[in-house]
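**Student:** OK, TrEMBL features for this one:
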{"type": "TRANSMEM", "residues": "20-40", "note": "transmembrane segment"}
{"type": "TRANSMEM", "residues": "52-73", "note": "transmembrane segment"}
{"type": "TRANSMEM", "residues": "106-130", "note": "transmembrane segment"}
{"type": "TRANSMEM", "residues": "151-169", "note": "transmembrane segment"}
{"type": "TRANSMEM", "residues": "181-201", "note": "transmembrane segment"}
{"type": "TRANSMEM", "residues": "258-279", "note": "transmembrane segment"}
{"type": "TRANSMEM", "residues": "299-322", "note": "transmembrane segment"}
{"type": "TRANSMEM", "residues": "380-399", "note": "transmembrane segment"}
{"type": "TRANSMEM", "residues": "411-433", "note": "transmembrane segment"}
{"type": "TRANSMEM", "residues": "439-458", "note": "transmembrane segment"}
Amino acid sequence: SDSKILDQDGGTKVQLKRELGLFSAINFILAIMIGSGIFVSPASALKYSGSVGMCLVVWTACGMISLLGALAYSELGTLVPRSGSEYAYFVDSFGPLHKFWGNLPAFVYSWIMIVVIRPAEIAVLVLTFSQYLCQPILDAFCLADEELRQKVIKAIALVALGITTYINVSSVKLYVRIQNTFGSCKVIACLIVICGGLYQICLGNTDNLKRGFEGTSTSPKDYALAFYSGLWAFDGWSAVTTITEELKKPDVNIPRSIYIAVPMVTVLYVFMNMSYMTVLTPTEMINAQAVAVTFGERILGKFAIIIPLGVALSTFGCALSLQFGVTRLCYVSGQDGFMLESLSYVHYKKLTPSPAVILQGIISFLFIATGNILELIEFASFLIWLFYGIAMISLLVMRKTMKETHRPYKVPIFIPVFIFMVALYLSVIPIILDPTPKYLMALGFMLIGVFIYYWFIYKDKRPKAMMRSITHYVQLLCNVVPPESE
């Protein structure tokens, strides 16, 4: 009833609005894909491939695989025009097949992403942002006390988390403006590295590149690890499908943004690696704590500070967009009753899913405060590729169950089959090569999700009076109402 009153007074429906165009969609993909990895530690592919030439082949192949995966997601995103990416596909493909098992994949996916993986990644990103922002300032003030430095870095990280949360609560238009700016800045930072490398090539510094395929590894295990690390650097190619409901013309802009953004990232990654190799030997690249910073110190002189600032901008933009995306997962899962209903509510003026954004800010805050975030990501992050594989199965299922549905975009059948095989490989490889207890922890966390699903969702044993009280207080505190249907 509140939303109807607001609709009569304000003349607009209270719901998420389509604010994102093609440029914003491209920037969203760039923001998620280009984090700190290519600036800080891109050398794993070089270490395991064994040679400069094979390393560049691996990076190119990883870009092509990512493009194929993203194209499969284009079909999914245009066929199921809801935000939430994998969650929405699992609901529509598996949900009708079985009363209990059908919705279980969707719930487990939302459970793991909302409670652990995304907020932990956001926490790591804002800590990295703070580290690279603060490092030159703390050095300038000659602050040598490591304990005090870490306290300052953590404090700035919490401020940065507060800023990202404020932006995503305030306005989608504000997010778009800031993200477009940060997306452009991180591409400029990449181009600075590439131009520096091209300048070095013009000067004749090509000794490392001339090594070509010398020393190429012949071990299948090494190639497995090289592709594993390379494909993780490209992770994020499915990002645009998490925000389908806020995209203008999603049937057109999803494929277009992928066709532009993923090849762009591939070109940037390959040429950045070539640039690093012009001034750093393979051993120096592998051992460097931050490859781009070392590269900048070698060739940029007094302007070397541009690189850590570029890393800071890149990580902040990535954290901002990750939070934006996961809150839309909270929003749709709340609508379906898989999470708290109030997570699907929208601020009556700002038209943002404020409760979902605030929840993600709180969880990320707890991760920063408690520490050990990297271990949390490691024990669960291999599951991301498992979910990619299940998404390919959902695409094949919907080819049968939704045969007559109009598909604005359709990929050849070999693409989802191939990406499923890659996903299966990347899900199994880390367990075989590094069978540590963290994978049992991931399995245990999934089993907790299964129990919660069985008791609270399937059996509907939720304490309804408590749920109504939570919803009431969330509405009062956040000024939110249920979104209106189209």
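Each residue, glycine too, has its Cβ placed from N, Cα and C.
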**Student:** Which sequence positions outside the transmembrane segment (151-169), separated from its termini by at least 6 residues, show Cβ-Cβ distances below 8 Å to it?
**Tutor:** 122-123, 126-127, 129-131, 133-134, 138, 143, 175, 178, 316, 319-320, 323-324, 327, 347, 350, 352, 354, 357-358, 360-361, 364-365, 368
**Student:** So, taking each listed stretch (52-73, 181-201, 258-279, 380-399) in turn and counting its Cβ pairs to the transmembrane segment (20-40) that are under 8 angstroms, which one gives the highest count?
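**Tutor:** Ranked by Cβ pairs under 8 Å, first place goes to 258-279.
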**Student:** Which range wins on Cβ pairs under 8 Å with the transmembrane segment (52-73): 181-201, 380-399, 411-433?
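**Tutor:** When the Cβ pairs under 8 Å are tallied, 411-433 comes out ahead.
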**Student:** Which residues of the chain, 6 or more past the ends of the transmembrane segment (439-458), have a CB below 8 A from one of its CBs?
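**Tutor:** Cβ under 8 Å, 6 or more out: 99-100, 103-104, 107-108, 111-112, 116, 337-338, 379-380, 382-383, 430-431.
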**Student:** Cβ under 8 Å to the transmembrane segment (258-279), counting only same-chain residues 6 or more beyond its ends: which ones?
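**Tutor:** Distant contacts of the transmembrane segment (258-279): 25-26, 29-30, 33-34, 38, 42, 45-46, 52, 55-56, 59-60, 62-64, 66-67, 70-71, 73-74, 187, 190-191, 193-194, 196-198, 200-201, 205-206, 208-209, 233-234, 237, 240, 285, 291-292, 295, 298-299.
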**Student:** Should anything in the same chain at least six residues away from the transmembrane segment (106-130) have a Cβ under 8 Å from its Cβ atoms, list it; otherwise answer none.
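**Tutor:** Same-chain contacts beyond the flanks: 35-36, 40, 84, 86-87, 90-91, 94-95, 153-154, 156-158, 160-161, 164, 311-312, 315-316, 318-319, 322-323, 325-326, 329-330, 333, 336, 338-339, 359-360, 363-364, 367-368, 373-374, 376-377, 380-381, 383-384, 387, 390, 445-446, 449-450, 452-453, 457.
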**Student:** With a Cβ cut-off under 8 Å, give me the same-chain residues at least six positions beyond the ends of the transmembrane segment (299-322) that come close to it.
**Tutor:** 28, 31-32, 34-36, 39-40, 118, 121-122, 125-126, 128-129, 132-133, 135-136, 160-161, 164, 167-168, 175, 178-179, 182-183, 185-186, 188-190, 192-193, 196, 199-200, 239, 279, 290, 292-293
**Student:** By a Cβ-Cβ criterion of under 8 Å, what residues six or more beyond either terminus of the transmembrane segment (380-399) are in contact with it?
**Tutor:** 69, 72-73, 75-76, 79-80, 85-86, 89-90, 92-94, 97, 105, 109, 112, 116-117, 120, 231, 235, 238, 405, 413, 416-417, 419-420, 422-424, 426-427, 430-431, 439, 441-442, 445-446
**Student:** Mind checking which residues reach the transmembrane segment (411-433)? Cβ under 8 Å, same chain, six or more beyond either end.
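**Tutor:** Same-chain residues near the transmembrane segment (411-433) but 6 or more away: 65, 68-69, 71-72, 74-75, 221, 224-225, 227-228, 231, 382-383, 385-386, 388-389, 392-393, 395-396, 399, 439.
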